[in-house]
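What Swiss-Prot lists as ATP binding site is N57, D88, S109, R110, G119, Q120, Q121, G122, I123, G124, I125, S126, K627, and the listing cites sequence analysis.
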Amino acid sequence: MTSYQSQLGEGEGIAEELAESQRAISIAEFFEKNKHMLGFDSEARALVTAVKEAVDNALDACEEAGILPDIYVEIQESGDYYKLVVEDNGPGITKEQAPKIFGKLLYGSRFHAREQNRGQQGIGISAAVLYSQLTSGKPAKITSRPKGQDEAQYFELIVDTDTNEPEISVDETTTWERPHGTRIELEMEANMRARSTLRDYIQDTAVVNPHARVEFDEPGLDESLKFERAERAELPDETEEIRPHPHGVELGTLLKMLEATDSYSVSGFMQEEFTRVGGKTADSVIANFNDRHYGRGMAWQPPKVNEDADIERAVEDAVANKGAETTATFAAAVSDAIHDRDRVAYHEVESIVDSAAEDAEADGDTTFGATVRENAVDAAWNAVSDNLSSDLYALVDDVTTKRKDDAAVEGLASRLADKFDDDGRHRLTRDELRGYIDRAADMTEEQDDATFGETARENVLEALWTAAEGVREEPPKVSDIADDRDTASQLLSAMRETDIIAPPTDCLSPISAELVEEGLRKEFDADFYAASTRDASVHGGDPFIVEAGIAYGGELESEGTVDVMRFANRVPLVYQRGACATTDVVKSIRWRNYNLDQPGGSGIPKGPAVIMVHVASTNVPFTSESKDAIANVPEMEDEIELAIREAARELKSYLNKRRSMQQRREKQDKLATILPEMAEKLTEVTDNDELHIDDSLARIMNNVLVEREVEDDTVRVRIENNDDTNADVELTDIVTAEPQVTNGATVVEMDGEWFVKWSPTVGAGETAVLEYSVTDEAEFTVSVDGIEEEKLTVNA
């Protein structure tokens with residue numbers, strides 16, 4: 001069959017024709033044809049995405065300027081289109097910057113910043129402008145008044161998709177009632193089918209940004225929805241930009257950093273360009289790099305003094321024309337220094353010889369030149385490495401199983417010794433050493449019918465590599481590493497292997513457990529709230545913090561599954577719920593252990609609850625450009641699970657206690673029915689006065705009993721603790737006449753009533769008495785706090 005390429009080849013100049021048809025495209029033109037990648041894949045979702053991008057911009061602008069956000073969002077019907085209006089009270093945007101911020105994709109100030117941000121790429125709001133102009137043909141209308149200026153600037157613009165530059169049709173000044181801030185108005189093809197999602201997004205934004213006030217209006221509302229900021233809420237802590245962490249860079253990034261740095265040495269480069277790298281850490285990186293670049297020198301046990309391979313005699317024989325006494329002293333010094341070590345490598349022998357030579361030169365007129373020293377090194381090293389088989393046998397035998405017979409171990413050791421004869425210095429990398437072991441093991445299996453599996457080979461490798469000594473060579477200059485991709489790759493591997501402190505967390509601004517709970521309280525009417533904030537962890541060199549919150553009961557919907565709220569860097573994630581790591585973690589938890597209904601033992605639990613999870617990071621691993629879901633990163637999933645479980649344990653305690661109180665209440669109700677009947681029967685039988693059952697009920701139920709006794713002008717309030725734990729009681733006795741307090745209570749007068757406040761701690765089985773006097777007739781009303789209603793009996 002004739003190929004397309006052969007058909008092309010039949011014509012002359014076809015390559016030139018094809019070349020003429022090829023051209024570069026701008027990023028704006030690319031996204032013009034791929035709107036779905038940014039979250040504009042349907043009319044319903046497009047409106048939600050546009051609101052999200054505009055609100056994110058508003059929140060970021062306010063927080064960066066230190067202004068508590070006040071944001072207004074309005075959606076209007078405008079003929080065949082919908083009009084979106086978003087206003088904020090931020091610092092405003094300068095005349096020069098506003099067109100680029102709204103009309104140029106990939107224009108932003110935070111792309112290179114390693115700190116927590118809602119957005120970084122500079123795509124979001126300009127993508128909304130692009131979608132608006134593509135679907136309605138109308139420009140974006142922007143009004144911005146920088147703080148301190150008398151007038152606002154008004155623009156109408158579109159994105160020129162050929163050049164990715166703003167095309168401004170209107171540029172004028174105008175008046176605006178806001179003292180500072182920004183307003184954007186977009187018309188677009190959209191629909192309100194995602195109305196509930198849109199409202200959820202606004203509410204979720206209010207939950208996770210309790211410091212913000214948000215007002216939302218849409219068609220069909222009688223009045224706008226207002227989400228007030230939480231009391232005591234303050235702006236999030238300012239974040240600090242950090243340098244990259246050595247564990248978080250890729251090879252291409254490292255090469256760029258090597259080319260751009262002003263440092264000449266690897267040590268200086270590591271300390272200047274990376275966070276958490278000081279002198280000692282840089283030395284560790286260099287040591288690991290040298291292992292890869294130069295290799296390690298195998299270190300062998302020195303021969304015993306009386307063995308044939310006598311180091312002292314070998315060095316004496318190698319040194320000529322230095323005088324017998326000087327030579328003997330020099331040789332003895334070399335031999336003693338080598339024998340002082342358990343193992344010695346070639347480069348260490350070089351150092352020993354140099355040191356002994358310098359001492360000999362200092363003691364006399366003899367000079368030990370380079371040739372003499374080299375001869376001495378070779379002689380000493382040959383004596384050290386004369387019989388490697390026995391040394392290797394001991395190393396191999398120590399890490400292989402007892403099932404390996406001596407012949408097999410000896411065979412492997414002998415063949416390894418032969419491999420080292422090929423390199424006089426016995427210097428090699430870990431991979432080269434692995435190759436030695438594999439070839440020697442293969443030959444041993446083939447010739448000696450012995451088996452050395454992967455585990456045995458790995459154990460031998462580890463033993464020999466541990467016995468080897470790192471070389472003390474200066475690493476190449478930074479410029480040389482930048483020019484050699486393989487060397488740069490060795491440096492990257494060394495960085496990743498080195499144990500380095502996790503990056504600092506001042507680049508992050510978590511919400512805090514207190515404000516997570518406050519946000520939930522503000523938006524959900526529930527009976528129980530709990531929240532947790534984990535310590536910082538690291539993924540790929542980027543720090544992250546996970547926070548979780550749970551609300552339960554109250555007015556929350558009891559039918560169906562619980563509501564799972566997902567957030568990343570204070571932004572709600574409203575789409576791709578099923579593709580998100582947060583959802584996967586929630587499904588994987590056995591919620592029955594926390595007293596929530598979970599049919600089948602897996603999946604989203606059922607019940608009146610809200611589970612929220614917030615991930616704060618300098619680099620959230622989203623699954624796509626639209627930032628709808630968090631990727632399944634094991635380190636992040638682990639922290640999400642731990643944060644949820646921390647809050648869920650509080651929920652379990654609450655539900656257990658509630659169940660216990662319910663059972664106690666049911667028991668108490670039954671006793672309250674039975675005891676009066678028993679008391680009545682006893683009264684009839686004994687002809688005694690009617691029995692008071694409140695005291696008896698309190699003692700049977702182990703309750704805290706509060707009783708009042710009034711005798712003449714004296715009032716006694718008695719607290720009897722029938723429980724087996726201390727009771728911290730907050731008692732307020734409201735009296736209509738002025739009391740005279742005698743035992744430490746405080747009195748506050750208000751509107752002709754006196755509030756006697758008493759806060760005793762009553763031990764288990766003990767009684768405390770508040771006594772005071774009133775000179776006039778009075779009425780009394782007692783209020784008790786600090787004790788659960790089910791554990792309290794009041795007869796006062």
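Just so it is clear, glycine is given a Cβ too, placed from its N, Cα and C backbone atoms.
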Neighbour count, 10 Å Cβ-Cβ cut-off, for K627 (ATP binding site): what number do you get?
25
Would you count the other C-beta atoms found within 10 angstroms of the C-beta of N57 (ATP binding site) for me?
23
Cβ neighbour count within 10 Å of I125 (ATP binding site):
28
